[in-house]
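> Before we start, here is the structure in question, set down as structure tokens.
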Amino acid sequence: MDNDYTTSTTTSRRPRFWGFFFILFPLVSFLMWTIGLIVLLGLWSTQDKWHTPSEPDPVYLSDMGAYTKGFFIPMCVITGVFYFLTFIMIRLARQWGWIYPTGRKVETYLGWFAALTGAAAASCLISLSIRDDVHHDNVHWKFTAAFVVLAFVSAASNIFEWLSATRYYPQSSLLRVSFIFKFVIIVVGIICAIAFGGLHHNYRGRSARFEWVVCFLWSIYICLLCLDLAPALFYDSLASAPDLEKGAYATSVPESYVAPMEPPAAVLPDGEERYATPDLVPDTTAQYPYASATEPGVSNIPETRPERPVVYNMDVSQTTTTTRPVLA
């Protein structure tokens, strides 16, 4: 296994402030995008819904952005920049061991590819907000299509990276929940994006609804990125947490690892005992006088033993035989 993380177990504890700093990036992106969508929907609803026979019901988000560029452009800029920085923070946090340390080289490649495509998606989001569909209709929808594709590619890279991480952290319920929800969101989002593009010319009202659904699904996905960086907040309980056991302080050995106990002594057929380590050998000097108490395993039996006496020319006649009486 290719390890990108150190195996030192003496890493000092990090301050809680840095955990909030990391999670701040996806949180700002999520709040800015979600609040912006709600504000634009509220403006459309309070302004008589801009409902005319030629406009879809509800109106396209792009149309709302074209008439509220003073709000729509900062909304897209803040969302896009912090969305890109979120992937940078995730990759750095994994390399530094603040969250799940990297287990394979492919995770590093997927993480940086997600950051690269996230930067491209953020650029397209900012560009489509500037080139609105009222004055630059063709260019605007090209940027919109590029943004949707790049955002899904970035999300797919992040999902595959998390899928690879679940192999080394199967005990992490947080990691597993994040992966499952992201996978469901990206599948539903792709279906809605296809419906949005397919209904754009003939059924504009339905197409606009799918556009709003895709936007809110992307908002939920950004919220899940906050969940990915949440372990950085719990540095005190990280070593003993059951779902982050392996990656506590950038170590490859779980902090709760307990060495196995020595196996019990095995009883041999001749009655002797064989112990796994010399430290477990009991003091049997009194029972076995030839055993050494200071050096286990060393015998004090003399090298030359006295020979047994041998009797030659035994006179069989000297032996006596006792006859037991036979009862009649």
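Cβ atoms are placed via backbone N, Cα and C, with glycine included.
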> Do Swiss-Prot's topology records have Lys142 and Val213 sharing one side of the membrane?
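The record shows them together on one side of the membrane, with a shared topological domain name.
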> Who are the chain neighbours of the topological domain 'Extracellular' (200-213) in space, where the CB to CB distance is under 8 Å and they lie at least 6 residues beyond its ends?
37, 41, 56-62, 192-193
> Is the transmembrane segment (143-163) in contact with the transmembrane segment (214-234), using at least 3 Cβ pairs under 8 Å (sequence separation of 6 or more) as the test?
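With 3 or more qualifying Cβ pairs, these stretches touch.
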> Quick one: average pLDDT across the topological domain 'Cytoplasmic' (235-328), no decimals.
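Taking every residue in the topological domain 'Cytoplasmic' (235-328) and averaging pLDDT yields 49.
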> If you count Cβ pairs under 8 Å, which stretch among 20-40, 70-90, 110-130, 143-163 touches the transmembrane segment (179-199) the most?
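Ranking 20-40, 70-90, 110-130, 143-163 by Cβ pairs under 8 Å to the transmembrane segment (179-199) puts 143-163 first.
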